[in-house]
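Feature annotation from TrEMBL assigns signal peptide to 1-24. The domain 'Carboxylesterase type B' annotation in TrEMBL covers 38-493. Annotation comment: TrEMBL describes 236 as active site, acyl-ester intermediate. Per TrEMBL, active site, charge relay system is recorded for 356, 453.
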């Protein structure tokens, strides 16, 4: 559903005298009266959330949903901090997500929506979308709690902090932390690619992220969180955003630790071309090449959404002089020292899943043709070396789709996790690495989808389906959530295993249809045990 832009004032309600009489703050005894609402006073005003009890916990969690951290954004302009309000702000329900892009043809579009947007965000889409959600235990803290701030993925073209997948209730209440999710602009609306924009305002979505982090730093104490104990974490493009914050950090740095799940932005080889896409958009809208920005600003958002989806126009982060996107991220990391560094030298947890790309290679039966088309500038002998490194008949490679899935999984995720963690360890940054390797019947996309891209999120947030879950599956979820929380609480001690190059393997290779009998929920191994083919990619990474 697409909703018209609304100002924050439209979400205020005259919250009855009950709030005042209950005096239920975010750090107080949890509300027990039906109409009692937890409140928190932040620098822009007072917000009233809800207190709920989870089936998996005997302790309540306070939820503050849809809090604006910015003014309704002006299209193609940098975000501005939200202005203070006078009345109590109703934070009992999610507010709109930013404009989403799911490309045609229709079969592909429907598949993407089914996998990545079902169930959808509950409040529709709008350009007025810069809001965030706070999940915190309702019980009074013994001391300020560690804070985790989630940055969603979606190839920088879709995503929302209000997806049910990212409900932070379980994580917050079971691990005694404060968890924040937020929206940032993506696709055309977050990375417009217009040459008319100043360099510092090209990556609007990344500026949104930084404003949200600044809001957290200023206000999280009102929810029982510690502004000095913030960990940022994200998956896919969210992991790339985390890496972007590390390699081009704000000043002051608003986080003390970082987690990258199946994503990084140190090595950028398959980037979108927002400038070329902007040119195509001008043609499609009959806007002039000069002063095209104002012309596109005047077009209804729904029309622009339809154009970029049907023409499959690709927008994403671009060079901005290092404001939000480092020009030489890998070299900057390798050059960093405790005394002098362009990057944030914070502890890092990073990893990937065993079958990241299996869903997208179903029915793809010519690996060589795919590689030659995707890597046209790579010499033939290197293509052949790659094919020889991944022969059919090797463990886990029984056919061409499985071969291509292994190649893409290792090239795009696993071996890049190895590279970034190796680089970090080389310059003395505390870094840990994980490898998620489990699949269960109630979380499969289709038979044999394996440990696919994004699957680990369900276990970290505790949002996997409980119906049909095995005891082993429940243990996997507890181990992952606990490890992430341990890292956020004590980053220098790590998540519970030795630093890279050691590797924490979670899930023991359990697979739907095979079972989990006799498997270990967690084990520590040498990364060489799974990275044996990664050397073949160094020539491309370098």
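Including glycine, each Cβ sits where the backbone N, Cα and C put it.
A map of TrEMBL features onto the structure.
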residue	record	DSSP (3 states)
236	active site, acyl-ester intermediate	coil
356	active site, charge relay system	coil
453	active site, charge relay system	coil
Problem set entry | Neighbourhood of residue 356 (active site, charge relay system) by C-beta distance under 8 A, where only residues 6 or more apart in the same chain count | 262, 408, 409, 412, 413, 414, 451, 452, 453
Exercise. Per-residue pLDDT averaged over the domain 'Carboxylesterase type B' (38-493) comes to what?
Worked result: 97
Seminar exercise, completed: Top of the active-site residues 236, 453 by count of other CB atoms within 10 A is 453
